[in-house]
Amino acid sequence: MGKEKAHVNVVVIGHVDSGKSTTTGHLIYKCGGIDKRTIEKFEKEAAELGKGSFKYAWVLDKLKAERERGITIDIALWKSETPKYMVTVIDAPGHRDFIKNMITGTSQADCAILIIAGGTGEFEAGISKDGQTREHALLAFTLGVRQLIVAVNKMDTTNWSEARFNEIVKETSNFIKKVGYNPKTVAFVPISGWHGDNMLEPSTNMPWYKGWSKEVKGSSSPATGKTLVDAIDAIEPPVRPSDKPLRLPLQDVYKIGGIGTVPVGRVETGIIKPGMVVSFAPSNVTTEVKSVEMHHEQLAEGLPGDNVGFNVKNVSVKDIRRGDVASDSKNDPAKEAASFNAQVIVLNHPGQIGAGYAPVLDCHTAHIACKFSELIEKIDRRTGKTMEAAPKFVKSGDAAIVKLVPSKPMCVESYNEYPPLGRFAVRDMRQTVAVGVIKSVEKTEGKGGKVTKSAEKAAKKK
């Protein structure tokens with residue numbers, strides 16, 4: 001086996017018709033996410049349905065349909081392998097809750113792949129003012145996804161035109177610069193997700209294309225390559241935050257006969273291990289971790305990115321709930337937030353938002369109404385400079401620093417300290433109306449806490 005490859009998470013963004021499903025499907029199909037048996041089954045069905053040409057997008061549709069029917073698809077289907085990395089495609093595009101998922105995200109993306117349709121008229125529609133592409137790119141940037149790859153798709157429909165590719169690179173560079181990316185650090189790859197050109201192998205249809213090159217932090221020589229897979233391999237590896245204090249937002253709490261209470265969630269930062277005394281915020285319960293397991297196997301420790309279940313003693317299912325955050329009681333334990341200040345970007349709200357507005361916030365696994373108690377300042381989205389102090393209201397397209405007060409106990413953190421607990425989506429009218437990044441949190445001890453016997457014993461042992 002050798003050493004396991006490093007993992008990277010990519011999110012694929014772009015306009016509905018950019019061909020991102022086909023491209024993602026092709027990547028997963030060719031790079032090993034889907035086992036041969038499943039492919040044969042799909043191909044047979046495709047042939048029977050007269051989709052004999054077998055569209056890669058159809059693979060993705062099948063996976064998505066199964067996922068939406070609530071059949072949990074083995075997440076490996078969304079994985080593919082490149083020479084250097086194990087790649088997980090975080091959320092297949094076109095998914096209804098795409099924006100919410102990106103924020104409360106099952107995991108933070110290390111890189112975004114922006115798929116642009118090269119066809120005449122298509123490109124222009126994709127990045128027009130109200131375009132989805134713009135919203136997705138803005139979202140990725142706001143949420144701290146700093147690495148970007150641009151794939152110019154459907155080159156086959158442009159007769160593999162170099163002039164068209166160059167025109168799109170120029171326009172897209174301006175476009176992503178406005179969002180906040182530096183085009184010099186971005187690989188631009190002309191592809192056909194349908195025919196496979198420049199996906200894994202250099203295309204013979206575009207002899208004019210000499211490859212991409214991008215600046216790399218801390219290196220005087222640029223990174224270069226030919227294909228989309230090369231570009232994925234040139235992603236700078238992420239640093240996983242295992243040296244930070246523990247933060248583990250609960251997704252569920254189970255009661256398991258003969259074992260007891262088992263909270264389940266993803267380790268976002270730090271490490272959880274048996275014997276540790278954890279406290280849950282904002283529930284204010286402290287207890288000892290008896291065991292940690294993942295996929296029904298006991299673990300010596302759970303690391304960032306691991307989805308774990310852990311058994312806690314003397315805590316009932318009524319004491320803790322989804323949205324609570326587990327942390328190490330001896331190392332910067334998590335606390336309830338009395339209020340917090342955040343930079344909010346309004347994406348699509350039909351009216352104007354003023355003080356008193358109280359939508360639902362989705363932050364990590366918490367889903368709680370919060371009141372905009374004060375609009376502190378309106379700022380320039382790109383530079384962060386103040387444009388107006390104490391504005392009366394903000395509207396779509398605006399960025400502002402606001403003070404938020406949760407309607408029920410809630411635990412959040414500043415984005416700088418604990419990124420996964422410091423970004424949120426503002427939901428109203430069944431859509432995401434704004435996204436935010438938390439600047440600072442005013443913490444409170446909350447109501448009287450419960451410390452279990454086992455926690456006291458464990459503390460004495462230490």
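Just so you know, glycine gets a Cβ as well, placed from its N, Cα and C.
These figures come from a predicted structure and were not determined experimentally.
Listed features, source Swiss-Prot:
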BINDING   14-21, 91-95, 153-156  GTP binding site
DOMAIN    5-242  domain 'tr-type G'
MOD_RES   Gly2  N,N,N-trimethylglycine
MOD_RES   Lys3  N6,N6-dimethyllysine
MOD_RES   Lys3  N6-methyllysine
MOD_RES   Lys30  N6-methyllysine
MOD_RES   Lys79  N6,N6,N6-trimethyllysine
MOD_RES   Lys318  N6,N6-dimethyllysine
MOD_RES   Lys318  N6-methyllysine
MOD_RES   Lys392  N6-methyllysine
REGION    70-74  region 'G2'
REGION    91-94  region 'G3'
REGION    153-156  region 'G4'
Sparsest-packed of the listed recorded positions (Lys20, Lys79, Lys318) - C-beta count within 10 angstroms: Lys318
Tertiary contacts of the region 'G4' (153-156) (same chain, 6+ residues out, Cβ under 8 Å): 18-20, 23, 115-119, 122, 165, 190-195, 197-198, 203, 205-206
Closest of Gly14, Asp17, Lys20, Met155 to Lys30 (N6-methyllysine), Cα positions, binding-site residues only: Lys20
Reduced DSSP assignment, the residue listed as 'N6,N6,N6-trimethyllysine': strand
Per-region confidence, the region 'G4' (153-156) (mean pLDDT, whole number): 92
Among Lys30, Lys392, which are modified residues, the residue with the most C-beta atoms within 10 angstroms of its C-beta: Lys30
Least surrounded among the binding-site residues, given as Gly14, Met155, when other CB atoms within 10 Å are counted: Gly14
Cα separation, Lys318 (N6,N6-dimethyllysine) to Lys20 (GTP binding site) (Å, whole number): 44
Tally of residues which DSSP labels helix, strand or coil - the region 'G4' (153-156): 2 helix, 1 strand, 1 coil
Rounded inter-Cα distance in Å - Met155 (GTP binding site), Lys392 (N6-methyllysine): 48
